[in-house]
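Enquirer: Here it is, the structure in full.
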Amino acid sequence: MESLRIYNTLARDKQVFVPRQPGEVRMYVCGITVYDYCHVGHARMLVVFDLVQRWLRAIGYRVTYVRNITDIDDKIIRRAVENGETIKSLTDRFIGAMHEDETALGIQRPDVEPRATQFIPQMLGMIETLETNGYAYQAADGDVNYSVRKFADYGKLSGKSLDDLRAGERVAANDAKQDPLDFVLWKRAKADEPEGASWASKYGMGRPGWHIECSAMGCSLLGNHFDIHGGGQDLQFPHHENEIAQSEGATGETFVNYWMHNGFVQVDNEKMSKSLGNFFTIREVLERYDAEVVRFFIVRTHYRSPLNYSDVHLDDARASLTRLYTALKDVEPDTLALDWNEPHAQRFAAAMNDDFNTPVAVATLFELAGEVNRTRDASLARQLKQLAGLLGLLGREPRAFLQQASGAAQAGGLAADEIEAQIAARVAAKQAKDYAEADRIRAELLEAGIALEDKPGGSTEWRRV
């Protein structure tokens, strides 16, 4: 099997993956700020790094996968006040909702899922170390800030030069800062903030800045220097740039070897945003589409490419996934173990080892499905299920998927008992030699998105199309 190569944002190139400890991978991914339901952009991040950790395990690595939860933040505080509920009540509720969405999408839980509020002492310890090392200062307004010009390598991840960054582009001007580009490590508490929004510290009551949360949790759980750090493309700057400055400023060690960033989600070729009114939660999408269809829709696009969300693309994903399940419908796979020397498995592995190239891996699944359709071979069916399983796909009994309503069928299609009643009426028409009526029922069902297949012995099976 070829070596795994990962596109490293830091190097701006694909690099052969060499873990710090042979056979072990330590990976941290920036998770979700829990003040609302997860949206399609979150779904992409969750699925992408689920695929990454699945593949790392599949090729034999012992993986420690950490994905954090931000459960203290200005948006969280505002939403809790608006709702008249405590911060903990709000965050617990949306953490539960996030877990429900993950389960629906077939996402395996990370090995460790730390909440920011569980690591306040570690954050304060890192801030104090940064102050001792000359990277942090307490401003006149009580906030503790990071002095970006003290860190010589600032900009190495994003490629941005401090001299080219203008105050006000991404940070608001603040007279208390020594430099407008400095960012907050510890926010001084305000008098009108609710209970649970601040902690005691040598700097006074306050709460951590967003960036220090991930540095402290990553270093605490995975060590000062670990293998992979991931997140959405929008986090590359300033969040991940600031994480590097904090962590390396505090420890004097390289923070992360490989930086991975998944691409944006677009809606009809425009960036998804609430202001454009093209913003969809995972729950809204799952009301209309089967969760495995949504997962497949995400999987079949390379993780670094833009993902264009539209009903047309989801309908196409459903049709494509239906083709894969249909290939398995009448073939019982054998029970042998996956053999990486099999040609299809080799092509699949080569694709996944080429920076997790899921479009090519999925193409291999369709090659297999075509061969299964032609040969009805049990070993090929087994390979199809096994390789798809590494992507979190084709885990259901084929007929259960094929007869399940989703998309347009879910919104207004026939229920299973209605379909069975129509099939019974068609059987009765055929027995009465009223073939015109039998054909009419078949055509009517097909127009409603139901395909019939007459089997030897007189039975009829159906599936949604």
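Just so you know, glycine gets a Cβ as well, placed from its N, Cα and C.
Below, the features straight out of Swiss-Prot:
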BINDING   Cys30, Cys214, His239, Glu243  Zn(2+) binding site
BINDING   Lys274  ATP binding site
MOTIF     32-42  motif ''HIGH' region'
MOTIF     271-275  motif ''KMSKS' region'
Enquirer: What is the total of other Cβ atoms whose distance to the Cβ of Cys214 (Zn(2+) binding site) is within 10 Å?
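Expert: Result for Cys214 (Zn(2+) binding site): 29 other Cβ atoms within 10 Å.
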Enquirer: Please work out the number of neighbouring Cβ atoms within 10 Å of the Cβ of Cys30 (Zn(2+) binding site), leaving out its own Cβ.
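Expert: Step by step: centre on the Cβ of Cys30 (Zn(2+) binding site), count other Cβ atoms within 10 Å, giving 23.
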Enquirer: Tell me, how many other CB atoms lie within 10 A of the CB of Glu243 (Zn(2+) binding site), whichever protein chain they belong to?
Expert: 28
Enquirer: List the other residues in this chain whose Cβ sits within 8 Å of the Cβ centroid of the Zn(2+) site residues Cys30, Cys214, His239, Glu243, in sequence order.
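Expert: Once Cys30, Cys214, His239, Glu243 are set aside, the remaining close residues are Trp210, His211, Glu213, Ser215, Gly218, His229, Gly231, Leu235, His240, Asn242.
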Enquirer: Please report the DSSP secondary structure of Cys30 (Zn(2+) binding site), reduced to three states.
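Expert: It is in a strand.
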Enquirer: Within 10 Å of the Cβ of His239 (Zn(2+) binding site), how many other Cβ atoms can be counted across all chains shown?
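Expert: Total other Cβ atoms inside 10 Å, all chains included: 17.
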Enquirer: Over the motif ''KMSKS' region' (271-275), what does the predicted model average in pLDDT?
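Expert: In the predicted model, the motif ''KMSKS' region' (271-275) has a mean pLDDT of 73.
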